[in-house]
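Here the structure is laid out as structure tokens; the discussion comes afterwards.
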């Protein structure tokens with residue numbers, strides 16, 4: 001018996017192939033496999049179980065703002081490295097790498113848009129940029145958001161998804177809590193409405209400052225909302241926390257948020273609130 005002279009072509013076993021990468025997505029809630037384009041059409045909400053995956057800033061713009069258009073404010077502001085912080089990689093290099101990848105310039109975008117035909121001052125955290133952490137630039141942009149909204153007599157809609165204060169800026173990041181809340185208090189004296197939208201996750205210094213100070217605090221389903229994470233709390237107090245602790249539903253039951261609104265209903269819900277809260281007022285141009 002002789003071996004055949006022709007052999008089949010071989011492949012390098014070290015080459016890893018990803019079938020359907022970027023084409024199919026598995027739901028984190030029910031493990032159903034989705035066409036990625038289908039999830040994009042539903043703004044990252046699973047059609048089988050209703051699980052809400054993270055939606056980026058561009059997706060939120062398209063979902064909430066008329067025609068998805070935002071006249072951005074203060075885009076020139078970018079983070080500095082005042083402490084020359086390094087944890088194996090310098091803070092400056094981390095920011096530069098994110099900019100090189102085409103990510104946002106910072107962990108928040110602000111500007112003027114229209115929601116349901118009504119002018120609003122709009123802000124949305126960018127979780128993909130260092131976990132939506134709040135440093136000096138984020139605090140400054142939130143402050144400017146409220147200050148400009150006060151001058152132009154605009155309602156503020158602010159979407160929050162953040163891990164808290166940015167450790168690379170130390171005490172400078174913590175000072176943004178007081179600074180932003182001071183601007184918010186001046187805004188409130190003008191008797192203008194602030195709608196706070198709490199996304200997954202909203203934690204740390206953001207949760208401890210302006211996140212719960214809205215005239216209406218609206219949360220997405222099953223969002224993690226709180227100061228420290230559940231594991232940190234359990235390790236500190238050495239007790240087991242109640243089921244669902246720090247989730248939207250738990251907070252609603254205990255009066256910490258005013259409503260839980262599924263993502264597909266968010267624009268209509270906010271539009272109705274604005275209609276009631278801004279009746280008889282017109283924004284300045």
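Just so you know, glycine gets a Cβ as well, placed from its N, Cα and C.
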Per Swiss-Prot, which of 4-26, 27-49 is zinc finger?
27-49
Model confidence over the zinc finger (27-49), averaged pLDDT:
92
Counting other CB atoms within 10 A of each CB, which of the binding-site residues 27, 46, 49 comes out lowest?
49
Contacting positions for the zinc finger (27-49) when only residues 6+ beyond its ends and CB under 8 Å are counted:
55, 59, 62-63, 262-264
Set of same-chain residues at least 6 away whose C-beta sits under 8 angstroms from residue 30 (Zn(2+) binding site):
46, 48, 49, 51
With DSSP, how much of the zinc finger (27-49) is helix, how much strand and how much coil, in residues?
6 helix, 4 strand, 13 coil
